[in-house]
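My structure is below; once you've seen it, I'll send some questions.
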Number of protein chains: 2
Amino acid sequence: MEEKQNVKAEALRYIILAVQRHGNRILNDLLKSIGLTASQAEVLRTLRDRKGLSLKELGQLLICESGSPSRLVERLVRDGLVEKIAHSKDSRYVTLQLTQTGKEKEHLVENIEKQLYGQLNQAYSEEELELMCTLLGRFLKGQPITETLKKRGYWN
Amino acid sequence: MEEKQNVKAEALRYIILAVQRHGNRILNDLLKSIGLTASQAEVLRTLRDRKGLSLKELGQLLICESGSPSRLVERLVRDGLVEKIAHSKDSRYVTLQLTQTGKEKEHLVENIEKQLYGQLNQAYSEEELELMCTLLGRFLKGQPITETLKKRGYWN
DNA sequence: AATCAATAAATGACTAGTCATCTATTTTTG
DNA sequence: CAAAAATAGATGACTAGTCATTTATTGATT
């Protein structure tokens, strides 16, 4: 008798995967026009909102990566969107800031993300969005990632 | 006034990402004991359920990959879990089947997945699972991936 | 001060996901 | 039948995600 439940759990598992991929594809397609990936865009948005972050602090704010975003940032530096600044007191730290180009791209990202959110708002009412967040969020209760979500303002 | 909606849409976006990653981590941790990844396990399960698939047909059944699973299967062949058999009539095709070892691992995968589904069933009622599938699925309406989900039995 | 522990970041090694292109084969069609 | 189109799969090139290890620096211990 547990089999039917498992089928539903399995269905949810794969639907979550499919939705995540689908949304990511939508966003990446939109971002392609400005030569960014969704993960890179998340870094730009985060660096704009919080200045002077270290690599470690940035890593604790990203949902897209659980480890350290060394290489993600490396590519943004290579592409001239982010600068690394040595910390004067503790040279283990690197602090990050957007370059002028980075700031300009960040602004474009904002608008592109609005298009994605527009699609979500078209598909769902505010109540439904909240309901999904609450239900899905229940599965994350007690997990480290909830700290990140709280810091970002996506968690009560 | 659209900003609040966008915050909720953005929250959903990141919570879906976080939940997908968290579930994947749980599953990968469990699968590590038998030396498989979640994607590899999905292939094994799929090849057990449907015999004599070609690479292309397999690709159309996987949620974990949208393209062709050439390299995913390549690694399973390398590890001795899957065999490639040349198609006698049309040598463009390759048909796939589990080896004995592959069949044994597939059976272990089944049990490991039950542990994940157990966690989901503990967190959610049957109605909640269904509700989430319905709501999330709405975002996939009309997309190619729904064909895959239907073939797999996770879509009405 | 010298050693040891802790910390931040970088790096290696791997799997995987995406897109474009290439190769080999089969099918179409003129 | 020969050339062109279509198809299956393989491969190259890239980003990214994960885990383990290494390097450099700072802080703590004695």
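Including glycine, each Cβ sits where the backbone N, Cα and C put it.
Automatic prediction, not curation, is the source of TrEMBL annotations.
Pulled the feature table from TrEMBL, pasting it below:
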- A:8-141: domain 'HTH marR-type' (DOMAIN)
Helix, strand, coil residue numbers for the domain 'HTH marR-type' (A:8-141) per DSSP?
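Its residues fall into 88 helix, 12 strand, 34 coil.
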Return the average pLDDT for the domain 'HTH marR-type' (A:8-141) as a whole number.
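Here the predicted model's pLDDT, averaged over the domain 'HTH marR-type' (A:8-141), is 95.
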